[in-house]
Structures are given as structure tokens and as C-alpha cells.
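The structure appears right after this line, and notes come after that.
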Amino acid sequence: MILGIGSDTIDIRRVQEVIERHGARFIDRIFTEAEQAKAERRAKAPRAWVATYAKRFAAKEACAKALGTGIRQGVWWRDMGVVNLPGGRPTMQLTGGALVRLESLLPPGHEARIDLTITDDWPTAQAFVIISALPRG
């Protein structure tokens, strides 16, 4: 059963401008250590580096929309992080207020599945999130 759907599109150049203006302060405030490590592996290609951050920013926005809260009501940027499952498929790892919100949406006897797709085509990045409840067992 689908609990929430969210999508977001962002201009990568906007993220680039914010990073140029605020640097590490912005990156540390918004992105998890795992997300930062993923972006830093692309540091030799500036467009790929900033696109990595932009896609993850869009994923956080889309996830917050799917949770039905936006970035408020105890759901903060670093409570949501893009991670890859062993097969490479991206998903969201939730902690803190985002995890509390997700758990409040789940019917008894169900577990959450978060499907995520992220893409970019300069100068645009996009993310789409579907949060589903699956019966346990």
C-alpha cells in the first residue's frame, strides 16, 4: 500500500551558487557523511560533484513531501540520506524525526519500503520517492 509520493526538481546551478556562497557550512548542515563521501569521489569533475549534491537535495525534498511534512514538524535535512542497497538501487535512510514520522504512518504489522529514483541532465536534477507499507513476513 502506498503511504506517500513526493517529487522534486531543482536547478543544479542554484545548488552550485549556494555551495559557492556558504561552502562547508551548507554541505555539513544538509548532507550526511555518506552523501558527502559519495560527492567527494566525484570532486575531479566539478559538474558531476555539484550534480551529486543537487540530486540528493532533490531526494530529501521529495522524501519530505512523501512523508507529508516537508522540512518541518521535526523532520530535518540530515534525518534523510540517500544510500545505495547492495545491488546499487538508491533508497532513503531515515533517522531522527523523519524515522519517527515514517513509523507513525505504518499500519500495524507492516514495514516500510522507500523507492527512490534520482537523475540529472544539466542544469536540472530530479528525484521521485514512493513510500510503501509492506506486510511483515
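A Cβ is built for glycine as well, from the same backbone N, Cα and C atoms used for every other residue.
Taken from Swiss-Prot, the feature Mg(2+) binding site covers Asp8, Glu61, and the record attributes it to sequence analysis.
The C-beta environment of Asp8 (Mg(2+) binding site), restricted to residues of the same chain at least 6 apart in sequence and closer than 8 Å, consists of Ala58, Ala59, Glu61, Ala62, Lys65, Gln126, Ala127. Its Cβ placed at the centre, Glu61 (Mg(2+) binding site) has 21 other Cβ atoms within 10 Å.
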